[in-house]
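Some notes on the structure that comes next.
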């Protein structure tokens, strides 16, 4: 039996549950920056390239001639225009940027897909996932082992059913991606919140009190004095996390904590790209308007000199 999938699950569990006593565990799912480059169009469009293509694929376009960049960009426009009406809206551009930024997620799913799709039908059923991940562990458990594989499987099945939109217990690649990376999908946010609350709620009342909140982040382990950040977290809980000041966090308060709806970098970047490229100011972009501003969207050797990088043909 292949033990790698279960070891991956256990590895993630251990990483989430074990930490140094004074080390803060962060459960917040942050909206990541689109690029580590400075966003200053007066200097260059490197930030925009990373946002539109993803950092790795932006390097590819740096090695193309202007003509090649325009040709490939034109092909990409067809993928962004989801309703095929000949226009790219801010919403479609936002969706594309989010997808480009999630490329690492999809790459991770691709690496695992063949291992779980045992029947090679382009789908992964719950039975396939269960058999590959758990297999004989469910039948041959050490009673002295405190880790409950059956409970872990029940939790996985619940998440699988949530990701499986049509309820047939068979996941498409997109549904399987939502199962493996629920924090990346809006319709999976409730399960992320539920699993987090189950992890932290030790007394089983369905809520998170102050001591449970702190206990999840910090293990006293005989420390005489709490680190300063622990005191700060106590204040954060009482003043901001517990919005109704009843001493506990409910589902909505927990959601606001771990899935903050702050600044959306993808939406901001799509507005910026439309503003800079929309010649007739109708609020949407044609293929011609985008290709005309190819240096803003993707760049080329003519706009980005320097790095000697390996060229590939992903797009």
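Cβ coordinates come from backbone N, Cα and C, glycine included.
Swiss-Prot names 201, 203, 205 as Ca(2+) 4 ligands; from the candidate set 184, 211, 212, the record adds 212 to that same site. The Ca(2+) 2 site in Swiss-Prot is built from 117, 119, 121 plus one of 110, 128, namely 128.
Ca(2+) 3 is bound by 164, 166, 168 in Swiss-Prot, and the record lists one more residue there from 157, 175, which is 175. Residues 24, 27-31, 94, 183, 189, 192-194, 196-197, 205, 207-210, 213-214, 217-218 of the same chain sit 6 or more residues outside the domain 'EF-hand 5' (229-264) yet have a Cβ under 8 Å from a Cβ within it. Residue 81 (Ca(2+) 1 binding site) and residue 278 (Ca(2+) 6 binding site) have their C-alpha atoms 15 Å apart, to the nearest angstrom.
For residue 205 (Ca(2+) 4 binding site), the nearest neighbour among the binding-site residues 87, 92, 289, judged by Cα separation, is 92.
In space, 253 is the closest of the binding-site residues 119, 166, 244, 253 to residue 212 (Ca(2+) 4 binding site), judged by Cα positions. Spacing of residue 128 (Ca(2+) 2 binding site) relative to residue 203 (Ca(2+) 4 binding site) is 34 Å (Cα to Cα, whole number).
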